[in-house]
Amino acid sequence: MADLDKLNIDSIIQRLLEVRGSKPGKNVQLQENEIRGLCLKSREIFLSQPILLELEAPLKICGDIHGQYYDLLRLFEYGGFPPESNYLFLGDYVDRGKQSLETICLLLAYKIKYPENFFLLRGNHECASINRIYGFYDECKRRYNIKLWKTFTDCFNCLPIAAIVDEKIFCCHGGLSPDLQSMEQIRRIMRPTDVPDQGLLCDLLWSDPDKDVLGWGENDRGVSFTFGAEVVAKFLHKHDLDLICRAHQVVEDGYEFFAKRQLVTLFSAPNYCGEFDNAGAMMSVDETLMCSFQILKPAEKKKPNATRPVTPPRGMITKQAKK
């Protein structure tokens, strides 16, 4: 592991941030051995910390990024680049967007630089069978090689699965599981692990809330379940929690409440895949556990030769929401 001692994190972060202000899409080509070092060192840190993180406010929580690197940089511009703010990301760093490598490398670099202030959970796309298909494998193969993709897989298999903020906000990528009776069950999951096709770990990364379901329902994804508002209320009451914070679904405003504000979905990739007009959002949790939302507005759609009124530059809108 002598190579890890030579890992120059500051230089890696500096190069990844140099493209700020460049035209979106400009790549940062790190050396292969640097990326390998990021995977190995962050993996070590993930395994040294709990699989169920216990975090303290204040912090900022972000949903799916999906390789939209320049939008990730915008999130940090609005929220403050680490270590100015503490962060928790809810997974789905790779696939679908054009710059999964820059995205995951910056996040892993910040994890290594600020291990007690910067946290990354596992999403359903941090799984070999998924990111083999939806873009990350192809990006690794095109820009580096398949061996590097396998190194990322070894790292992803060690990511934490859930977090609880100040004993009151339960955070995971997907949602609840009919198998989840005690937090101890999450703590007992051994890493490294792949994501199974069913069961607790699968559900935490794959399930979805559904306002039309009573109890548990079938999931259109063909994986895991959907769950209704009553499931949320019972879970919160049983574990003395106030809120579930999850990602995993595109929502128009970047955030969306469910079950009388007992659950919030966060999605942080605006104009997702270039196909949606959604905003992206980040949730700020202050010391009193008041939650507010910072919104990344979607880019204006350019209409050829159409005259349109001048609009102020797109930017941040903060909405207060009492929890």
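Placed from the backbone N, Cα and C atoms, the Cβ positions cover glycine too.
For A2, the entry in Swiss-Prot reads N-acetylalanine, with the evidence type experimental evidence.
DSSP gives D64 (Mn(2+) 1 binding site) a strand state. Sequence annotations record features per position, and here Swiss-Prot assigns Mn(2+) 1 binding site to D64, H66, D92.
Among the features that Swiss-Prot reports, Mn(2+) 2 binding site is placed at D64, D92, N124, H173, H248. Around D92 (Mn(2+) 1 binding site), taking its Cβ as the centre, 29 other Cβ atoms fall within 10 Å, counting all chains. A coil conformation is recorded for D92 (Mn(2+) 1 binding site) in the three-state DSSP classification, outside any helix or strand.
According to Swiss-Prot, the feature site 'Inhibition by microcystin toxin binding' maps to C273. Residues near C273 (site 'Inhibition by microcystin toxin binding') in space but far in sequence (CB under 8 A, at least 6 apart, same chain), listed by position: H66, R96, G97.
Among the features that Swiss-Prot reports, region 'Disordered' is placed at 302-323.
For T307 (among others), the entry in Swiss-Prot reads phosphothreonine.
Swiss-Prot lists T311 (among others) with the feature phosphothreonine.
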With a radius of 8 angstroms around the mean position of the C-beta atoms of D64, D92, N124, H173, H248, what other residues of the same chain does the Mn(2+) 2 site pick up? G63, L90, G91, G123, H125, G174, L205, A247
Cα of H173 (Mn(2+) 2 binding site) to Cα of D92 (Mn(2+) 1 binding site): how many Å, rounded? 8
Are there any residues in the same chain, six or more apart in sequence, whose C-beta is under 8 angstroms from the C-beta of H248 (Mn(2+) 2 binding site), and if so which? G63, D64, L90, G91, D92, G123, N124, H173, G174, G175, L205, W206, D208, T265
